[in-house]
Amino acid sequence: MIVRNLLGKNRLCCLQPKLLLSTLSQRPQLQLSLQLLCRATRLYATVNDIALPKTRNIGIIAHIDAGKTTTTERMIYYSGKSKRIGNVDEGDTVTDYLQAERERGITIQLAAITIPWNNHKINIIDTPGHADFTFEVIRSLRVLDGAVTILDAVAGVEAQTEKVWKQASALKLPRMIYVNKMDRPGAGFSRTVKEVIQKLETRVVLCNTPFFENQELNPEFRGVIDVIHGKLLKWKEADEFGKEIDVEDIDETKPELYDVYCKAREYMVETLGEYDESIIDAFLENDENYLKISPELLNRAIRKATIDNYLVPVFCGASFRNIGVQPLMDGITNYLPSPLETPVPDIKSKKKQEISAKMANNGLIINNDPKLTVGLVFKVMNHATRGPMAFVRIYSGKLVANSMVVNSRTGAKHSVRKLLIMHGDQPEEVKFIGAGNIGVISGFEDEFHTGDTVISHATSKKAVGTMESTIKLMPIDIPPPLFNSSIEPFTAGDEAHMKKCIDILIREDPSLKVHTEEDMGQTILSGMGELHLEIVRDRLINDMKVKANLRDIAVAYKESYIGKTPTNGLFETESIQVKLSIEHVDDCKSFEDVDGAIIFEDQNNVIIVPESLASETVQSATEGRRWKCPSSYEELHEAVVNGCSMALQTGGPHLGLSLHSTLVKVEFWNAPVEVNEELIPPLMNAAREAVQSVKASENKFGFLEPLMNVRVFVDSADMGEVSHDLSQRCQALIHSVEDESLLNLETANWAKDEAERAYLPPDYTMSKTALADNYKTRKVIHAETPLKEMIGYLSKLRSLTGGKATFDMSFLGMRRVTQSRLNQIF
């Protein structure tokens, strides 16, 4: 904790020789500048020299406006990485560097930065909080070892927090909680922690609790009670940068603080004792006195329980007022895991061979080869001065500059010249990226995509074997786009630049899609939401200077094959033939183990091209060395897949909308491979035309529309009017109405019991506001409704409730559109 850093005698004597040892006994009003800690973090040469056990890869996750970026900026400042504090309102943050981010005051894309703290290296990824940018969070979580969840103390556990928490739980990421904005009227630390226990279904330990001055009259948040060390940390009001802290002992002379400290310590020891027997032993050895158990033992137990996902450490603060951030940073280094303490990632081979992986002292070892380097590309972006960048997490080995890497998706080899680590948008060139670290491969236009696995070897350029070159790390799921907007260049001469810029954005953000409606000649952009496409429009027109018109944003409807039985398609010439069938599919994931199946999860489409279904001519030419075609068998096989995929994207027979929930089975294909001629374009066209031939049966195709799960949070007094509006105007099917009160939530029994058992200190600020009473009468309406009817719903909801209600929604699936509904839509 922060107190150990402030009061550790050896450290202080090392850093500040003139500090007298006698002053350390005068602790009640000891005033120390945290600049000492910043100096301590710079005792080593560079952060790249930090050993793997002292490396932390963490994400900052939360609902929008909870204070993620504000907290991250303070962490950067206190680490000594920046000499100023960046503020969202002033548009000068390190991590929010896009023009659109600074203008809107929100995070749009993930940002990575590396900071030093307490002789540790913390790789931080700051993520967006808005639901439209969920994909940025998804791909961040895949490469992290832990996360800090930031909560607004007034709003509590909000909808997007629950979603992100579930995503992190699925990946078994250890997490910490930081209850922010404790300085605001209506802030409820204990109420928020109780929501954490029940809504997020997790145990907690309170590492610190809030301290208020004038708590009976006009409570003012001034610091925290350190439950581990029994200290009161008060941030000096005169210090606007939050570096000077008064550290005081907590004893019987401060009865109210002492009572909170004792009860919080008792709850901590009892919770840890249920997990770690060493805590029970220490409790018994210390005459059953909760206060006598050493901070070192408690820290070890909390760390072990956090990494094991048994519980979550809780901290509090007010980041905008620069209070409470340093203890949070200590918690990150104390409790979240190093890359050596995380589960082995899911590793597969495209050839379906078994891949061995084990954790060693220097990181993951794959296939018993400590010199084999394997990394995952989780983001691609175009830097203003450095050009294309591929962000990569290295899992094993060491990626070295000027080395050869293999992209297992394409099989291509690339010579990597420069490697970087990022500090917001500022790159720093490095010689290598070691296992467990995050860095950037620079200088490649389209060679790396999100989700690619890169493989290299430390000994030679040829050391990556055939099997190793097919290694694939866990995929990154891409959610389906829900909204469309057409884009048209001003003139034909503007089209090339427009397409180039769209390609750049799609490489950066795979949740953004583009296709062309051939009948209308329109280019259609598809995204996750209205804000997502608005940001795309801003970047194209303002940042990239594209001369084009973007039409109004509309719901992304789809067409789909709805015939009850498969329909056959055929295209043939004298030398090329493709025969296939098309049918409807409900769940594309059920085809994961089918031979030759290619799954397009975002559209729920499947294309199956088994290798055994090539013609005898093709197969015999492969086996008999009579192959004359300049393209390989694998490239021709891929051409068939790509041709089918293009046909699905060009749309259905009615309105040319992209096909969804469609299965294409290729039953036979043939090409003259014994002749030396280019076959990829004609074979791709043949597959495309075979699919197109099925579209002639228009009566076998119908429309699908996005269906959403909706939760509306509303006061009891407004519930009737809101429910009526949902069911009538929004055509919603209301499933249930529940109290938002924690006492009535249907959660696991153990979570209810845990919430009742937990010690939670008084919420002084809530007793001074009507928010507490309002909270007790809130209702939650659960419904499902077509996405089209939810466009602009927030403004309508605010109008109905005087701005007091909120809602969230998540994608449920695609639903077939009935004829009566079709008439309403089109």
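Using the three backbone atoms N, Cα and C, a Cβ is placed for every residue, glycine included.
Per Swiss-Prot, the features are as follows:
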type: TRANSIT; residues: 1-44; note: transit peptide
type: DOMAIN; residues: 53-340; note: domain 'tr-type G'
type: BINDING; residues: 62-69, 126-130, 180-183; note: GTP binding site
Packing count at MET182 (GTP binding site) (other Cβ atoms within 10 Å of its Cβ): 29
Listed binding-site residues (LYS68, HIS130), ranked by Cβ neighbours within 10 Å, top entry: LYS68
For the domain 'tr-type G' (53-340), mean pLDDT (0 to 100): 89
Distant-in-sequence Cβ neighbours of ALA62 (GTP binding site), under 8 Å, six or more positions away: LYS68, GLY129, THR149, ILE150, LEU151, ASP152, GLN160, THR161, VAL164
Lowest local Cβ density among ASP65, THR127, which the record lists as binding-site residues, within 10 Å: ASP65
